[in-house]
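Enquirer: Okay, handing you the structure first.
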Amino acid sequence: MKKKKISLLMVCSANICRSPMAEGLMKRELMMRGLDHLVEVDSAGTHVFKPGHRPDKRAQQVADKGGINIRKLKARMISEEDFQRFDHILAMDEENLHSLQAICPEEYGDKLSLIMSYAPGSDAAEIPDPYFGNLLGFERVQGLLELGCRGLVEHLITRYGFS
């Protein structure tokens, strides 16, 4: 019998900076560990003003430097169905988490968490929004997301017995 894929949803505000970067990084991390066939990754936003838009050019540029192509991703708003569909819904910051908690059906509340809660040893509790900053802010976000994604993969390996 084929195992059901574990599903992850990365969530930020507009789904044009942090969550597409997190989606790309997580997919790369899973592929590098040979686990990409076991885990599905997507991204969405809590306040998407430009549905269907591609990720911010700076996010694309930083992702490209890391060998990750996020150019074809499109911004979308989180939907009610997402709470049922995804096993883990990972917010980039407390504001995103509170927005998710406000609309999440009670029975799915345990699926919500901050991505940086999977990055032990990091001083950062959240992924800051780089939108109004410069390229260095996006590079910092990429570094933090790498820590969060690596820690999340370790958690998935332990929790689901991946080898």
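Glycine is no exception: its Cβ is also placed from the backbone N, Cα and C atoms.
Here's the feature list from TrEMBL:
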{"type": "DOMAIN", "residues": "6-155", "note": "domain 'Phosphotyrosine protein phosphatase I'"}
{"type": "ACT_SITE", "residues": "Cys12", "note": "active site, nucleophile"}
{"type": "ACT_SITE", "residues": "Arg18", "note": "active site"}
{"type": "ACT_SITE", "residues": "Asp129", "note": "active site, proton donor"}
Enquirer: In whole Å, note down how far the CA of the residue listed as 'active site' lies from the CA of Asp129 (active site, proton donor).
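Expert: Cα-Cα distance, Asp129 (active site, proton donor) to the residue listed as 'active site': 7 Å.
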Enquirer: Since the record lists Cys12, Arg18, Asp129 as active-site residues, which of them has the fewest other Cβ atoms within 10 Å of its Cβ?
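Expert: Asp129, out of the active-site residues Cys12, Arg18, Asp129, has the fewest neighbouring Cβ atoms within 10 Å.
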Enquirer: I need the CA-to-CA distance for Arg18 (active site) versus the residue listed as 'active site, nucleophile', whole Å please.
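Expert: Taking the Cα atoms only, Arg18 (active site) lies 6 Å from the residue listed as 'active site, nucleophile'.
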Enquirer: Would you identify the secondary structure of Cys12 (active site, nucleophile) according to DSSP, in three states?
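Expert: In three-state terms, Cys12 (active site, nucleophile) counts as strand.
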Enquirer: DSSP-wise, what's the residue breakdown of the domain 'Phosphotyrosine protein phosphatase I' (6-155) into helix, strand and coil?
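Expert: Across the domain 'Phosphotyrosine protein phosphatase I' (6-155), DSSP assigns the residues as follows: 71 helix, 22 strand, 57 coil.
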